[in-house]
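Participant: Dropping a structure here in structure tokens format, bear with me for questions.
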Amino acid sequence: MGWWRKKKKPKSEIASERGAKLLKDLIECCDGKSNPIKFFSADEIRKATNNFGVSNLVSELSHDFDYKWYSGKNENHDMILVRKAFSQSVYYKDTFFRDIAVSSMVSGHKNFLKLIGYCLEFEEPVMVYHGVKKHYHLESSEQPWKRRMKIAEDIATALAYLHTAFPRPFVYRCLSLTNILLDEDGVAKLMDFSFCVSIPEGETFVQVDYIAGTVDYLKPNYLKHGVVSEETDVFAVGHSMQMLLMGEKIFDRIMRRPFPTSKFMEEPKMDEIADPEMGEISEEELCQMKAFLLLSLRCTGHVGEVPTMVEVAKELKSIQRCLHNDTFSPSVETQFDSHQDISSSVILSNQTKDTRALLRCIACHVFDEMFQWVMMNWFRFFRRNRRIC
């Protein structure tokens, strides 16, 4: 009686069909030119992960409902990370292949999770990444202020690379803090390019049919009309910066609920906005936080002109270097030119401590005036137009 049942395709045929789809995405994204990646067989994956054994499960990374992460090793790598999707529904319209294609293009950059290879023989998509001693999901509440700033800079640098390193800009479009991993050194790494899209040459945007991402992080014209541009990522970075600064509880209190007091509306204070998990805030950190918040508001279009992602990354570097850490040195892996920044750093390092202190005082005074005006208008705006999620 089972004659009517649909016959399952052999694994080799499934892998062949998927390989053709992957090749199509590789050609579309990078003309077939990308960093070398390896095709793993199902047997190789099982052997590397002890057949997806419980002892190999990376609990720190496996809290979401989309993937399970496993540690492993093979003859070529002492440590690998294997990401296995729960079901193919996670990858809407074969976005698994887009993830592989874009990951292979950017895996040489320090702020992206490095892809080693993939396996097309399982029913669920499997990707293999370079492993380090420790990878863990970003929990902003556990991070000190200095680390939060560095995380924001890492992500802005990664997205600036996506926007500028290739003949056509690539837009990540579904950024959220859950797509960011930290390694043992606290370096932020972006992953999962399933919904990444490229902007055609000569164009500034592209329109998509499927809206992907977390609502709070989505620019209004993308959420309503499916318009994707570089500013889609800039908006998401601005929102991420606000989350890093305020923490989830404070952000929810400000954005989603009636404001606690009229005094808070008329005289907004940084210590009422900053995440209390960060503990005591110094004067230097207060100045940084104000500059950080103002930059985030530019990213989300609430203050001044929306910056490019390259400008966001540069400003985040400046906020850290000039107001806090005189020894900060730009990364050689950034796509933009840092010569001027390096020169400024050398000049500043040759000045006296008194001069630096004076500059900080002037900067703080300017930020105080600007901050008070901006915050009052920002809170009033959200009081009238609270977003419905």
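The backbone N, Cα and C atoms fix where each Cβ goes, and this holds for glycine too.
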Participant: Write down the one residue from K84, K110 that Swiss-Prot lists together with K47, A48, T49, N50, N51, F52, G53, V54, S55 as binding ATP.
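Facilitator: My reading of Swiss-Prot gives K84 as the candidate in that site.
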Participant: With the ATP site defined by the record as K47, A48, T49, N50, N51, F52, G53, V54, S55, K84, how many Å span the farthest pair of C-alpha atoms?
Facilitator: 15
Participant: Return the residue, from the listed recorded positions T49, N51, T214, with the maximum count of other C-beta atoms within 10 angstroms of its C-beta.
Facilitator: T49
Participant: Cα of G53 (ATP binding site) to Cα of Y222 (phosphotyrosine): how many Å, rounded?
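Facilitator: For G53 (ATP binding site) versus Y222 (phosphotyrosine), the Cα atoms are 41 Å apart.
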Participant: In three-state terms from DSSP, label Y129 (phosphotyrosine) for me.
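Facilitator: The residue in question, Y129 (phosphotyrosine), is strand (DSSP, three-state).
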